[in-house]
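**Student:** So that we are looking at the same thing, I have put the structure below in structure tokens.
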Amino acid sequence: MASGPHSTATAAAAASSAAPSAGGSSSGTTTTTTTTTGGILIGDRLYSEVSLTIDHSLIPEERLSPTPSMQDGLDLPSETDLRILGCELIQAAGILLRLPQVAMATGQVLFHRFFYSKSFVKHSFEIVAMACINLASKIEEAPRRIRDVINVFHHLRQLRGKRTPSPLILDQNYINTKNQVIKAERRVLKELGFCVHVKHPHKIIVMYLQVLECERNQTLVQTAWNYMNDSLRTNVFVRFQPETIACACIYLAARALQIPLPTRPHWFLLFGTTEEEIQEICIETLRLYTRKKPNYELLEKEVEKRKVALQEAKLKAKGLNPDGTPALSTLGGFSPASKPSSPREVKAEEKSPISINVKTVKKEPEDRQQASKSPYNGVRKDSKRSRNSRSASRSRSRTRSRSRSHTPRRHYNNRRSRSGTYSSRSRSRSRSHSESPRRHHNHGSPHLKAKHTRDDLKSSNRHGHKRKKSRSRSQSKSRDHSDAAKKHRHERGHHRDRRERSRSFERSHKSKHHGGSRSGHGRHRR
């Protein structure tokens, strides 16, 4: 009894018609019949006879396209070239191994069947070809050793590369190849369900020619055999029945040799074959002679490219990089990798506008406290503008005062100016905001301007350093404003400077008698 998925068993009753019987099914099931007379007992049932068939070993139409190789990204012309090249290797190796033609044909049919279940991208066609011819030699009762098969394929590889033939060294590479062939043979058996029987049309061709009374024409017989051997490179042996293939080979040979055959009715109708099937087989066979010879190197590169692409797709599906490292997810979560738009380095020479804004924000509460003491809103706006340029004016006034003063008491004056002028400036401005109302300037009074100049000359001898700092402050204030408001603010600064100088003169005169109180007050205000 058969144990393959493509085998069926049929049983017939031997004696009485009352015995139950069942016909064989096409799905590989075994039918049983019990009889009262003698027969074959299988298990607990008695059978009259058991027949094994493989009528359903053909590939269905839905499996012909797309093939597993096409699903892995290999195009149909490349797959067809690989099938042709694999069958040519099996045929050439069978000749060198002195195998019968039936064994070589069996190996090629097994090769086609296997690659309709597996992909050329995932399995090396050369290793599978070795396994198929080794398995076919055992099936056709002409076994060959694996070492001979490997040596023959090594010799064919050297001839294909136009290299000097050299024997294969028995090293680790040879051992690995031998193990791969053994594993591939086991894989072929598993994929085919151990149903490796192949019905060849060789004998069928001779039988049909005898019916047609053409068996004595050796040229016709040999030509039909040649067409059949060439059709082994195509997929017709896994699509059509061997009887149909035999009729197609006879049809091609008779047309090539211009031998007439019966047409009323057509001779192939006698053997249960249609004209459409014969024409399709003839087209597939004749197409071989119009194709270019397959390029082994280009096919290997194409398969290797698809193999790398398939491996990268698998790693990407697992979330890994091509080198095997885990890929960082950019869809969600925290990523330690910096964004390409974020600045990596901040130059120290460039001044960031954010830092300037932060500095002004920090100084803003002090300005608000000083401006809150004034009952007028207009003074507050001017004080804000003057505070923004105060830091720059301080640095400029210090450098200018150091360069202009040549007295031996320069360091003492600088210290006094740092401690005293800050406190005096803050007190004078706060008092001016709180005590004096907002005054309108008289632009047409030359007597006041002359009086101001005389007071400046008198106070310059006593407080030269303070006058220099006040002038630097007025200059820094005037530089920050536009040209339209420069004249107006300069005149307002004269009145304010006059009041500040008078009060600072009084405080400095008192500080001669009370020096410690002024410095302490300056530290407190700072």
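The backbone N, Cα and C atoms fix where each Cβ goes, glycine too.
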**Student:** Where does the SUMO2 cross-link label fall among LYS362, LYS373, LYS449, LYS487, going by Swiss-Prot?
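**Tutor:** According to Swiss-Prot, the SUMO2 cross-link annotation belongs to LYS362.
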**Student:** Tell me which residue from THR164, THR325 Swiss-Prot records as phosphothreonine.
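**Tutor:** The residue tagged phosphothreonine by Swiss-Prot is THR325.
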**Student:** Report which of SER21, SER78, SER355 appears in Swiss-Prot with the annotation phosphoserine.
**Tutor:** SER355
**Student:** Give me the mean pLDDT over the region 'RS' (390-432), rounded to a whole number.
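**Tutor:** For the region 'RS' (390-432), the model's average pLDDT rounds to 46.
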